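The structure under discussion appears below in the form of C-alpha cells.
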Amino acid sequence: MLISRYTGIPILKDTLYAHPYEAVGEFQFDDSVVAVFPDMIQRSVPGYQTILTGIGELTAKYAQPNSQLYDLGCSLGAATLTMRRKAPQGSQIIAVDTSQPMIERAKEHIEGFHSDIPVRLLCDDMTQIPIENASVVVINFTLQFIEPSARQVLLDKIYQGLKPGGILILSEKIHFESAELQEAIEHLQLQFKRANGYSELEISQKRASLENVLISDSEATHLNRLQQSGFKAANIWFQAYNFASFLAIKA
C-alpha cells in the first residue's frame, strides 16, 4: 500500500468507475469516494502536489500569529496538514466539509500528526459558517461544487473576514472562452488521466457523474468575482492545463 508523503494518508487505487453501470449516478463524496480520494485526485488533477506545497509556502509567508486559518472544503485534510506545518504559534485552523465521511477520515489523519497548532473540524456548509479574524483562507477545488449563485456571496464574506494582509488561495478547474482552446487543453488533461491508468470507460463514466455537480468558471469570471469582493491584488499563481490556483491578497 502506498502512503502519501505529504499527508501520510494511505493511497488505495481508484476503481470506482472501472465497471460499467446501467445508469451513472451523480458524484457524491461518500464512503466509497473517501476510500480512494487521494489516488483519485493525484491521478486526475495535474499539479496537485505542487499546489499543496505552494499552500504551505504561502501560509508560512502570510499567516499571522493569533489569527484563524480556514480550509473550506477540506476533504481528507491534505491542505490542512500542509498549512499546519507552516502556521505560526497562536493560530488555529478551522477545516470545514459537508461530507461526514470526509470529516471522520480527516480527523483520523490529522490526529496522526503531532502539532501545537489546533485544528477544529466542522461538518458544515462553507457558505454558512462565519469567517472571522482570518489571515489565510484556502478553497482547494471545492467552490466549483457549490451553487454558482452562492459563490460571490461566499467570496464577499471571506474578504470581510480576512485581516489586512491576509490571503485567499482559490484552486479550481477552469474552462476557456475559446472553443478551440477548451478542446485542446481538455485533450491534454484527458491524456494525463490516460497516462495515469484510467480507461476510456472510467473517464466517460466519471465525466457523466460530474456533469451537473461540478460547474466550472472561466479565469475571467474568477478574477471578476475576486475584484468585486474587494481584492485589489489577485491572479493565477499556478496553472496546469485546465486546473488553476488563484492568489488574492487583502490590502
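Each residue, glycine too, has its Cβ placed from N, Cα and C.
Around SER75 (S-adenosyl-L-methionine binding site), a 10 Å sphere centred on its CB holds 24 further CB atoms from the protein chains shown. In the three-state DSSP reading, SER75 (S-adenosyl-L-methionine binding site) counts as coil. Positions annotated as S-adenosyl-L-methionine binding site by Swiss-Prot, on the basis of sequence analysis: TYR48, GLY73, CYS74, SER75, ASN140, ARG207.
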Reduce the DSSP letter at ASN140 (S-adenosyl-L-methionine binding site) to three states and note it down. strand
Counting across all protein chains shown, how many other Cβ atoms sit within 10 Å of the Cβ of GLY73 (S-adenosyl-L-methionine binding site)? 23
Set of same-chain residues at least 6 away whose C-beta sits under 8 angstroms from TYR48 (S-adenosyl-L-methionine binding site): ILE41, GLN42, PHE243
